[in-house]
Amino acid sequence: MDETDPVPDMSLLPDTVPVVVSGDGSAAGIQLCPALILGSPQALPGAIKHIYSRLAAAASEVDQGVPDLIISLISHGNSLSTKYMSSVENGLKSFLIGCGTWLISSGEVNDPMSRVASGALKNVLPQLEHQAEVLHILVNSDDMIASDTTNSKSVVDTSLNTLLLICRKEPNDSYETVASSIAKLRAATAVKLAHPPPALLIGVPSEPMSPSTYGNSAAILLSPSNDKRPFPVAIFAGASKESLIELLFFVEHGIPVIILQDSCELCAILHSSHLLLETSNFDNDKFISWLRSQLYPLGLADCYTLITKLLVSSNSGDVQLIEFIDSSQLSELSSVVVDRCLECYATTGEERQVLLLAAKLNSPSVLSSMDVAAQLDEELLTMILCECITKDDQLHFLSSVLQLSPPIRVTSNMLIRMMHHADEHFFTTIVLCQCMGYSYIPSEIDPRFANDIQKLVKKLSFGVDNLFDPNVFCNDSSHRDKHESIRILAIWSLLLHRPGIVKCLAAFADEPVAFSMVLSRIARSLGHESHDWHFYEKSLNTLSDSLSGSATTLFDTVFSTSPAKAYQLLCQPMEYFYGFNMTQLAFHCNAREIIAHECCQRWVHRKLYGNLQAKNFPIFLPKWAKICISAVLIIPVKFWMLVRPRERTKQDTVSPTVALLDVGKFPQKQRAISTYSVISSRSEALTALTAPLSTAFGFNSALNGAESATPQSMVFPLNIEEIDKDPRPFGKKNRIRRAHAPTLSTFYSTPIVKYWLSLLFRIVFICCLAYSVVLPGCGSNLWDTGMWVWSFFWWIENCFVLTARARKIPLSLMPWRVFDVFAFFVFLILLLVMKVFPVTPVLEVLGIDSIYSAKVVSAFFVLYVSYSTLFTYIPLSDIFGPMIVRVKLMLLRDFTNFLFMIALVMLSSAVAIQAVVFPDRPVTMEVFRKTLSWIWLSLFTTDLSNLSESETCRKSFLGAPKRYCSSVGQYANPSCPSQSLPAYLIVIEYFVILKLLLWPILFAFFSKTAKNVDDEADKIWRFQLYSLAEDFRLRPPLPPPLTIFCLICSACCRFSNSFSGFFSDFDHPDFEARDKCRTTWKFGSIYRNPSVPFKRNEFVNSFWRKLSMEQWKNTQQKAKISANKSELQELHNIHNHIRMMTLRDSYENSGTRKASELQFFEKYPESNILKISVNMVSKPWTVLVPRYNPPFYCKPAEDFPSDVQKYVDIATEQNVGELKRIWRSRQANDVTSSNDKCWKLSAAGFPLNPNGRTGMAGRGNHPRFGANRRCYYVVLSGGVEAKCQVLVDSQKNIPNEWHLENSSKDEHLTSILKMIGISDSDAHMFSMRRLDSSIITADKRIPSNDTSPAHLASEVAENENDTDNAWTEHDVWAISLRERRIITTIIGYSWLPTSAIRGTVLPWQADLVFRAKTIYGL
């Protein structure tokens, strides 16, 4: 640095300064705002370090407080409308709410973007429900500080999260100079903030410290994985030269810029320039003329060079730094910003951070633009899921991530974060306290707590186990199942009352239909648990209906397009859900819509009827009569019953393709060979038919020698012994056969036969039981004993069925079955001790001394058995089944509530009538019973006889009572009713309410319910039909009292298998036992690679999961589709028309292009790559060449010499991003430097050759990107001018060598010095470069005691290996040995007197020698 240059002020002062806030609100006036006062722009790095040091000092975790985005707002010189500013503010709100955002603006009140930023902070920050890292940084000069002596600038409101960054200005600087300097400083602030200083330079306290001790904290070192850098983005709406300077700074530093093209005329010109640059007949000179003419009316005619540089910088690579949007796209500003960050920063190795930003801003469009699978590791996926799951408005991004099927693994931290961002009242009050009995909120999900959650979920789902596996939370990698993780996340979200997330995760589960039904059952149970909080109950019931409806819709969608696939799902066992099939799980979860579906009803009927089919003969007998007669007489089974033909038998044949792939399997014993096909069944059949005939009649052509050389078909065996087994090697053809009668085991094991046989015996049982009851007197003890035994067998059968079903279905789902067994048992006990074997002592204790009580119990038993028979057997009828359900619904919903209401009226009326009508009657149990009896019977009759005055009462009339408390009713007989007016009114009131109000209300309720429950009754009836089929599947083949024979035969079958089929449980005709262990494909043309693991039903589950994803996607997009088809078609036509106009223009101008516009190619040295031949006109970077896209080439590192390979920049796909990031970091470090030698970078982040375009991108044959230095050494010897000589090589050139290392010691110079006789110590001393390696000008002199080499020049040189991103640079160093002893004769080198150097060496080298002599005083 020259001594005459002023030393920049590097001071930094944190302070609180007063500012003048202008506005109409209450914030107008003087405000005190925290500020950082910079002495000069060169003090900016210190300010950045101060900011991040303060953040690190107050942080409780790594990178806390570091923003995700830094948005610079540029609108200097513009004026926006209130509506436009409101649109921009709404676009910025998504950033402030979704992620950590720092806004940078000028802060001036006449800057519209500054007002937008201030308004956004005031409207968003007070309403946030989570901690937000939001900061508004105002960068300006010290004119913003309020002062009495100068006119201070008015600033925007600084009351919320605002920091001033003030730079002192020079007193003599003009306004334009200060404005340009502040514009560059504002842009440099964003660039430097986007590159935080290394953690080694930031002090972080080990414990909480006061603000006064922040600066004394110790330093820490973080690993590169913890290096978080915010993404800088600029939003431009400027209309001045200063705004263009700031915009150019951003583009030159590779920061994406979003220009609001309709905000001002300058932005419109920029948009037009961008469009013109894409035209086919672009001409640079015409463009400059057009641009100047457009800028002149705006007073910006001298700014065309800035726009030209802007366009060159933004188009110097394959990255688009500038994006134009209009006001209609401001609502999607977050998506635009994320897309720009993806294109600009993903190439620098920051894809993970871009993906996390997209998750925070709910912008799933980036997922289709990058290889997410390569970036989604467990840590990043956990962070993304936490961002998405904790917010209901980010379901779109969550569904987009789940569509990629990432390897999800649930962690305790993830679930705890979800809990803290959810409705903690529901979770703590209902789930933890009420359901689990916890009195505290857990801080982690340990196995014990996870086990308690599993028990709760099992209880809520009525027995479905392993839905919340505690083993998932261990560190064992074997439990990392993504489908299990999705199930756990869905259940946890349900427990946190997050309905939207539950529906999304259910749609992406492995078995969406089954899992949705289970979640629906859990939601319904949670709704029941939260009955006291009606809003929770309503929300959970709605969620339950939505999940059940989603499962039904998905199932119906598949059934309408592919009924076979839907039916196959019903026959497929599900290992994660108790091994149930779909229908069983639907019954378990009370999913009536699924069971009522047509496909499920087909499955239920197949389960009920099996393969049994009744003949049409005789016609006059209905089917049920044929089944009953056949079941009783057995012989008609052979004549009236048939076995329904099975589906076409799928033989376990293997296709030739699979046989080709299955190398480990032996070929068939017989083969068919044909010259026309591999398998010729026709030739094989002809051979089988003609061979015996030709042998018998002597027409064997083979014996006569007339056979063809290539026979059309022949069959030969590999094993002669197996010829007689099957002469046709390719299987037998199916033949049409008559249906045969079923076997007795098939007939009696069919549920429909069990049903009709059981109903027949049940009717006989009821008749016999009724006969035993109506026998006079004590009846027949023998008959009663027989009927009790028969009843006991019925009870045993019911217990057996209930026990069998209770193995998988909890008893709480079968309350009627449990009640039936219990009531039956009570009646059996009472009849046993009262009638069959009377236990006299017990009866005497109970006060029962007559057989009448036994007859009463028997009568009620007959009633109960009759009604239970009605409800048990009636669901099979399609007429009476729905009717009984309707009656049941009316009774439960209307009549029960009516009874509660009328009971209140009856009891209150009974009290009032007793008090007013019979005031003197004593209150006894007999009186109470008679009063209630009259009140109850008044529902059906109107008996007023006991309320009228009888003759007896008239005779006992006393008149007015003499004493107040005696004979209040004026009758001597207390049982006489009072005839007063109040008594009349009380009675009339009761009958009016009872007869005129309550009965019509009940009828109205019945009428309304009967109309509304048709669909529900039909579903319930179909639901009961499945239960009926399941019950009779489990019943023994013969009903009571023949059940004992079934038990005896079952015991015999344990020793003999002769009748095993007769007593086997009939499960389902379409569900075979081998289906439980085989894979889902049933075709012999699919080869399964044995080395690849497959899960059972993997492909079927994948099919349903994809359909569920599509259904979820379509459901979410229905509300977003606003444009109709005609508008879309019109836009499509306009797009095609514009494209045709562009192509026509390009076609018409294709023949008029100049030769200079055409691209020619030439071979790049030492390679087979062709590079573009660039003419001299297009070579400078200042000239716009829109279609310039050179090939990218980097010489492989292996092709370099071994000593150079360690310096080569590896430009692989994995490493090129890191190279770009390093170059951007170098550029950011030089933002405040005044050195004009700073390299320019392309939009992609590679350095640009100062010589201009070369026609080749990459580093080419150079080992490094950027400058590849070749050092030239001017070694002088001699202390005076007459003896001065210089060292040259054999080619009479100054010694030179490529210098690729960056150390301060020059090893090649050391070897040269040693070669000419300098000692080792002196050679090392002369080779050590200065710390300040600036170029020494000719007017300076080096002292004689200075031994460091002098840096004479550093110049860019032309080289055939140069590319756009790598070039040659000559670095010249000089050293004077003066009077040191040297060797005069050196191999490869020689000493040349400086007086004879002209004409001997190259002129530019001679100039360097004389320059070296000058600075050394020679």
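Backbone N, Cα and C define each Cβ position, glycine as well.
Annotation comment: Swiss-Prot describes 617-637 (among others) as transmembrane segment. Listed as Cβ neighbours of the transmembrane segment (617-637) (distance under 8 Å, sequence separation of 6 or more from its ends, same chain) are residues 741-742, 744, 747-748, 752-753, 756-757, 760.
Taken from Swiss-Prot, the feature transmembrane segment applies to 755-775 (among others).
When Cβ-Cβ distances below 8 Å are used as the criterion, the transmembrane segment (782-802) is approached by residues 765, 768-769, 771-772, 775, 811, 814, 817-818, 820-821, 824-825, 827-828, 831-832, 835-836, 861, 1031, 1034-1036, 1039-1041, 1043-1044 of the same chain, each at least six residues removed from its ends. The transmembrane segment annotation in Swiss-Prot covers 782-802 (among others) and rests on sequence analysis.
Annotated transmembrane segment per Swiss-Prot: 818-838 (among others), in sequence order, evidence recorded as sequence analysis.
The list of residues near the transmembrane segment (856-876) in space but at least 6 beyond its ends in sequence, with Cβ under 8 angstroms from a Cβ of it, reads 755, 758-759, 762-763, 765-766, 769-770, 772-773, 791, 816, 820, 823-824, 827, 830-831, 834-835, 884, 1021, 1024-1025, 1027-1028. Residues or ranges marked as transmembrane segment by Swiss-Prot: 856-876 (among others).
Here the transmembrane segment (898-918) has long-range neighbours at 927, 931-932, 935-936, 939, 947, 969, 974-975, 977-978, 980, 982-983, 986-987, 989-990, 993-994, 998, 1001-1002, 1005, meaning same-chain residues at least 6 beyond its ends whose C-beta is under 8 angstroms from one of its own. Look at Swiss-Prot and you will find 898-918 (among others) tagged as transmembrane segment.
Residues of the same chain lying 6 or more positions beyond the ends of the transmembrane segment (986-1006) and with a Cβ under 8 Å from any Cβ of it are 890, 893-895, 898, 901-902, 905, 909, 912-913, 916-917, 935, 938-939, 942, 944, 947. Summarising the annotation, Swiss-Prot assigns transmembrane segment to 986-1006 (among others) and lists sequence analysis as the type of evidence.
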What else in the chain is close to the transmembrane segment (755-775), if you only count residues 6 or more beyond its ends and a Cβ gap under 8 Å? 608, 624, 627-628, 631-632, 783-784, 787, 790-791, 794, 855, 858-859, 861-862, 865-866, 869, 873, 876, 1028, 1032, 1035, 1038-1040, 1042
